[in-house]
Amino acid sequence: MTVLMLIWMSYGPISIALSVVIFCILAVSLKFKSIFYRIVQFDILMNTVFYVNCITYKLKTIEEYHRVLLLIFESYPSLFILREGLSFWAYRFQCSSLLLKCIFRFTYAKYPFAAEIWKKHYRLIMVSTIFYSILLTIPFVFITKEHHGFDYYAFTMNIETVIYLLLTIYLGRLTKLSLKKRSKRFAESIKKLNNYIYCDLFIHGVAFFGVMIPKMLSFEWTEETKDYILTFTVDAINLASTYIIIICDSNLRKILFCHTKKLTTSVFQVSAVPVSKLIVSPQ
């Protein structure tokens, strides 16, 4: 097993399981009825799909699995097209989703009835976001990734990221102006949403300034090094929504850790039962 796979195994399966648990808690618990949590659920669901799709890229670093993958893709070309399509679509969707959350925060801050409108048209908004992000993905399919040592794909992604960054800053400014007209109590209630978006922006900022720009400018890096860096960057973005909501939401943390504590306690209680009581008497 390669070093890449060993590192991934240390956090990958746990993160997938945690994403499923968080998604279920948000769906079932009555404490999370707000439309904001439906958007977070949508994020977690799509990012988990993208994350699972990325596993096939990691498996190709192991020769045995690489041969199996090639055989599968040769037998079912549609699976290969689906994998490549999801990999192209992932970043477009994540940027669109980030912009969607900023729009939600702005409308929620400016219009008192915004939450009801979002709740009423939630499915339409989500479908529109998916459709919009797919349209944005189409041009990137035809962009040559690298030519004469210059990474055109990374360059185009950087331009795309700058555009989204400027849009989020602009919407943030409008939101701040709108909050001045609302009560302090309302401004306090929106703090959780602010923290979530700030963390999301931070992750995208690190990916942009710390990874994508150096990746594009560092011609002396080997392709293997670039692939490793890109793989873990993609993982960070795909897993961000799960860990961010845990960090930002105290109610979710209480439920999550309470369930964990109860599970641990019950395990110890079973172990502490006297042996005599575990023996079934003959009939």
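Each Cβ is built from the backbone N, Cα and C atoms, and glycine gets one as well.
Swiss-Prot lists transmembrane segment at one of the ranges 68-88, 257-277, namely 68-88. If one looks beyond the transmembrane segment (68-88) by at least 6 residues along the same chain, the residues whose Cβ comes under 8 Å of a Cβ in the stretch are 49-50, 53-54, 56-57, 59-60, 137, 140-141. With respect to Cβ pairs under 8 Å, the transmembrane segment (35-55) is most closely packed against 228-248, considering the stretches 3-23, 124-144, 228-248.
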